[in-house]
Each structure stands twice: as structure tokens, then as C-alpha cells.
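Enquirer: Okay, here's the structure, questions in a sec.
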Amino acid sequence: MNRSLLAFAIVLVLLVAGTSSQLFNKSGNCPMRNTVTSCTPRCIGDGECSSNQKCCPNKCGTTSCANSSPLNTGSDGGYKGSSNQQAVYCNGVKCAAYEKCQYDRNTRRDKCTRV
């Protein structure tokens with residue numbers, strides 16, 4: 001009985017440790033999506049990235065580890081607009097309040113488009 005309880009406790013601790021590392025949120029801001037050109041390694045949370053990196057949206061439409069930015073580009077790194085009232089930047093251009101940053105497949109560039 002004691003061995004099974006000990007085994008259960010160990011599994012529970014490992015599960016909690018693994019989950020908390022994925023949910024751990026590091027300080028700093030994600031850079032703008034179009035500046036994160038590395039699409040690998042993919043990540044789910046900041047805990048998967050090395051010491052000074054965050055898990056951020058990238059140019060490929062997924063998330064990968066990137067160096068944090070001193071600028072606040074919104075909670076999503078300027079990715080496809082932001083639900084809050086913060087400005088969204090697209091290719092270094094500030095989008096209007098009714099626009100979002102979206103990848104244009106024809107020009108292969110990000111551009112501001114209406115929401």
C-alpha cells in the first residue's frame with residue numbers, strides 16, 4: 001500500500017512540474033511576429049525556452065522561442081491584431097484601430113487589413 005501511494009505521489013509531482021514549466025510566463029515582451037524568422041523549435045509556453053527567451057508567435061504562423069523585446073507589441077506580439085486597445089504594428093507600420101496585421105500570400109508580406 002505504501003509503495004503504490006509513493007509511486008502515485010511521484011507521478012503527481014512530475015506531472016505538476018511538467019505542466020507548470022509549460023505555463024511559466026517569463027518577464028519581457030514578445031517581439032513583432034514578422035521579426036521572429038526562426039520557426040523551430042516550436043513551443044507551447046515560456047518554460048520550454050532557454051533562460052532569456054520567450055515562446056512567441058513567429059512569421060510561420062506558429063510559436064517558437066525568441067529573445068524578448070523591450071517594446072510592448074501586445075499580448076500576441078503584434079500577431080493578427082489585438083483584442084485590447086494597444087497599437088498593432090505590421091512590418092514596422094502602425095495599423096489603424098480597425099485593422100489587424102495579416103500575412104498576404106500573394107505578396108508574401110504582412111500588411112494591415114480591416115478586421
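Here the Cβ of each residue, glycine as well, is placed from N, Cα and C on the backbone.
Relevant sequence annotations retrieved from Swiss-Prot are reproduced here:
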- 1-21: signal peptide (SIGNAL)
- 23-69: domain 'WAP' (DOMAIN)
- Cys30-Cys56: disulfide bond (DISULFID)
- Cys39-Cys60: disulfide bond (DISULFID)
- Cys43-Cys55: disulfide bond (DISULFID)
- Cys49-Cys65: disulfide bond (DISULFID)
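Situate these features within the shown structure.
Expert: DSSP places the residues of the domain 'WAP' (23-69) in helix, strand and coil in these numbers: 7 helix, 13 strand, 27 coil.
Non-local neighbourhood of Cys60 (disulfide bond): Cys39, each in the same chain, at least six residues away, with C-beta under 8 Å from its C-beta.
The Cβ of Cys55 (disulfide bond) lies under 8 Å from the Cβ of Cys43, Ile44, Gly45, Asp46, Glu48, Cys49, Thr63, Ser64, Cys65, each on the same chain and at least six residues away in sequence.
Within 10 Å of the C-beta atom of Cys65 (disulfide bond) sit 20 other C-beta atoms, taking all shown protein chains into account.
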Enquirer: I'd like the Cβ neighbour count for Cys39 (disulfide bond), meaning other Cβ atoms within 10 Å of its Cβ, all protein chains included.
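Expert: Its Cβ has 13 other Cβ atoms within 10 Å.
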